[in-house]
Every structure is written in structure tokens, then in C-alpha cells.
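Colleague: This structure is in C-alpha cells; I'll ask about it shortly.
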Amino acid sequence: MKVKVGVNGYGTIGKRVAYAVTKQDDMELIGITKTKPDFEAYRAKELGIPVYAASEEFIPRFEKEGFEVAGTLNDLLEKVDIIVDATPGGIGAKNKPLYEKAGVKAIFQGGEKADVAEVSFVAQANYEAALGKNYVRVVSCNTTGLVRTLSAIREYADYVYAVMIRRAADPNDTKRGPINAIKPTVEVPSHHGPDVQTVIPINIETMAFVVPTTLMHVHSVMVELKKPLTKDDVIDIFENTTRVLLFEKEKGFDSTAQIIEFARDLHREWNNLYEIAVWKESINIKGNRLFYIQAVHQESDVIPENIDAIRAMFELADKWDSIKKTNKSLGILK
């Protein structure tokens, strides 16, 4: 039996999740929703994906352009087993009563507060916690990036301090900024630390800045260790951690630009880099402190987590079988 999946919201995350669903042999994409007939809606239709209006109020927008929709979100909910809510932050919580009324499982994204779901999720860290659940929240791109690497070294970590250098906007976003400033998040610590703690029990504090770039986030991480660990140990751990890749400055990876170019060279859709990129040379140990720097492709690192969450919620596979299946289907390198 294939799980019937709907995607509510077909923007940066939604269209990538929808694509990923089509690559699974145990899932079926039933349809997606849009609020207006923009180029993404037309492209979905060209791909043969049924397009639904996000609500009745948006139907006139489609009728005005002669764009025939398959129905509304409520109609889509009647046909699916699960809905992946990829709407803007805060909208998912407002949509939850619709999903509850329809008796449909739902996955929310990191823009929602943790209490929208029964569990916050990163597959390699807490897959089992989502088994059989009705509502799961896949944490944000930044939180996913932190959890991926920190969960791998958690047994050695006493306290984590991380500085988040966040991209200002996604490449197709013309509404956000800044374009000529560095904007600190003056609420210290930032929300990222507590968000990590919704997935793994770890002592962590974070600070954040927004900088004028669209490509990736960068994290500068310092870990106070409670157990001895060498640089080579950390390199070995990360080399054997799924969805984490080591990049070397000596091989030309001296910025996020080259890392994104690497993703383009893989010929992946939308130059997705599902893996967290760690600069190998940045891994260092001074006394009882571990340092490393990582980059996060904010448009795509959460996509495999959404797929694994679906499998966990329907208990289709155990943790590593699901991760391996997702990795293979999306061409994830390890």
C-alpha cells in the first residue's frame, strides 16, 4: 500500500517535498495547493500534478486566469492519508483544525512552534519518537543542520555554543533583506538553541546574525567536551554520519559559493544540497573545546526529513531502512 500524500503550499519547501514524494515507491503524490495561479502553479500542472486552491476564497483568482483547479484544500484532504503543510510560518497552526476534522495526519515545518505537533523531528536523531504519530514537526533548516552534526558527537558534548550566520533571503525572494547590512538578532540567546533541545537533550546556547546573501546559512560551532576527543576522531565521526559531508578549502571550497556550485555539478534539481557541509580544516580541538564550521542549504536540507517522517508516522520502515531508502531515492551521497 502506498501512502497518499498531499502538499499544502508549493513554494520553496513544498515543491521540493512534492518532488521527493514522487521519487518514493511507497508514497503517491495526490496533489498540491496554491493560493494563486503563478508560475509555480502552472509548472505543477505541466508536470501532471493536480493543483488545488488553498481555500474557497482563492478560487476567483484561478477562474480569472482560466486556470482549472482540481478543487480546494478540503477536497484534497478527502483523498490523502497525510498532508505535508509547507505554508508560511504560523499558517500551519491555523490549518491544523482542518486536518484534525478530516482525520488526516500532518507534518508541519520549522516555522511553526513546537507545540503544534506531538514531536519535533530529525530522522537520524529521533526517528523512533515519530513512530505512529499523527502530528510531527520537521524542525527548521538551521535546527536540522545543528542536530545532524551535534547528535553525532552528543556523547562527548558538555555544552555547545553556536553562532548562526543566516542568509537574508532565498534566491527567489525579493521581499526580504537586508541587502547592504549585517543584522544581529539582539534577543540573546537566539531561539535556535531551544529548538535543538526539542529534538535532542543537549546544553546549547546560540546567537544569530542575518547577512546579505541568498545561498546558504553558516554555523560557527564550539563544543565544550566532557570526554576526550581528537581532531581525527571528529573527522572520522562526521565521515561516517549520514547527510553530513566534509569539504576541503584546499580543494577549492573556500566559501558557500563553491559548495553550491558543487551541488549544481551534481545536476540535482534546484541545486539541492541535502547534506550539511562541514569544512574539514575548521575541525579543531583546543584543550577541551571542539571547533567546527558548517554550511546549510536552507532550501533543501529538511526535504529528506519530511520523507522519513512520513515513513515513521505510518511505520513503513525502521530508522535506518527509511534513511537509506530516502538517501538512495534523492541521490544523497551518504
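Using the three backbone atoms N, Cα and C, a Cβ is placed for every residue, glycine included.
Keep in mind that what you see is a predicted model, and the values were worked out from it rather than measured.
Feature list, courtesy of Swiss-Prot:
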type	residues	note
BINDING	Thr12, Ile13, Gly111, Arg167, Gln298	NAD(+) binding site
BINDING	Ser140, Cys141, Asn142, His192, Gly193	D-glyceraldehyde 3-phosphate binding site
ACT_SITE	Cys141	active site, nucleophile
Colleague: Can you check which residues sit near Cys141 (D-glyceraldehyde 3-phosphate binding site), meaning Cβ under 8 Å from its Cβ, same chain, 6 or more apart in sequence, and list them in order?
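Modeller: Within the chain, Cys141 (D-glyceraldehyde 3-phosphate binding site) has Cβ neighbours under 8 Å at Gly110, His217, Val296, His297, Gln298, Glu299, Asp301, Val302.
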Colleague: Provide, as an integer number of angstrom, the distance between the C-alpha atoms of Ser140 (D-glyceraldehyde 3-phosphate binding site) and Ile13 (NAD(+) binding site).
Modeller: 11
Colleague: What's the longest C-alpha separation between any two of Ser140, Cys141, Asn142, His192, Gly193, the listed D-glyceraldehyde 3-phosphate-binding residues, in angstrom?
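Modeller: Farthest Cα pair among residues binding D-glyceraldehyde 3-phosphate: 13 Å.
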Colleague: Apart from Ser140, Cys141, Asn142, His192, Gly193, which residues in this chain have a Cβ no more than 8 Å from the mean position of the Cβ atoms of those residues at the D-glyceraldehyde 3-phosphate site?
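Modeller: Neighbours found: Gly110, Val139, Thr143, Thr144, Gly145, Leu146, Met164, His191, Asp195, Val196, Thr206.
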Colleague: In whole Å, how far is Gly193 (D-glyceraldehyde 3-phosphate binding site) from Arg167 (NAD(+) binding site) when you measure between their Cα atoms?
Modeller: 18
Colleague: Determine which residues of this chain, when Thr12, Ile13, Gly111, Arg167, Gln298 are set aside, have a Cβ within 8 Å of the centroid of the NAD(+) site's Cβ atoms, and list them as they appear in the sequence.
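Modeller: Other same-chain residues with Cβ inside the cutoff are Ser140, Cys141, Asp170, Glu299, Val302.
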Colleague: Given Asn142 (D-glyceraldehyde 3-phosphate binding site) and Ile13 (NAD(+) binding site), what distance in Å do their CA atoms have, once rounded to a whole number?
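Modeller: Their Cα atoms are separated by 14 Å.
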Colleague: Please name which of the binding-site residues listed here, Thr12, Ile13, Gly111, is nearest in space to His192 (D-glyceraldehyde 3-phosphate binding site), Cα against Cα.
Modeller: Gly111
Colleague: Show which residues of the chain containing Ile13 (NAD(+) binding site), separated from it by at least 6 in sequence, have their CB under 8 Å from its CB.
Modeller: Ala86, Gln109, Glu299, Val302, Ile303
Colleague: For Arg167 (NAD(+) binding site), just count the other CB atoms lying within 10 A of its CB, please.
Modeller: 24
Colleague: Specify the count of other C-beta atoms within 10 Å of the C-beta of Asn142 (D-glyceraldehyde 3-phosphate binding site).
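Modeller: Asn142 (D-glyceraldehyde 3-phosphate binding site) is surrounded by 25 other Cβ atoms within 10 Å.
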Colleague: Translate the DSSP assignment of Asn142 (D-glyceraldehyde 3-phosphate binding site) into the three-state scheme.
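Modeller: The residue in question, Asn142 (D-glyceraldehyde 3-phosphate binding site), is helix (DSSP, three-state).
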Colleague: Provide, as an integer number of angstrom, the distance between the C-alpha atoms of Gly193 (D-glyceraldehyde 3-phosphate binding site) and Gly111 (NAD(+) binding site).
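Modeller: Spelling it out, the Cα of Gly193 (D-glyceraldehyde 3-phosphate binding site) and the Cα of Gly111 (NAD(+) binding site) are 15 Å apart.
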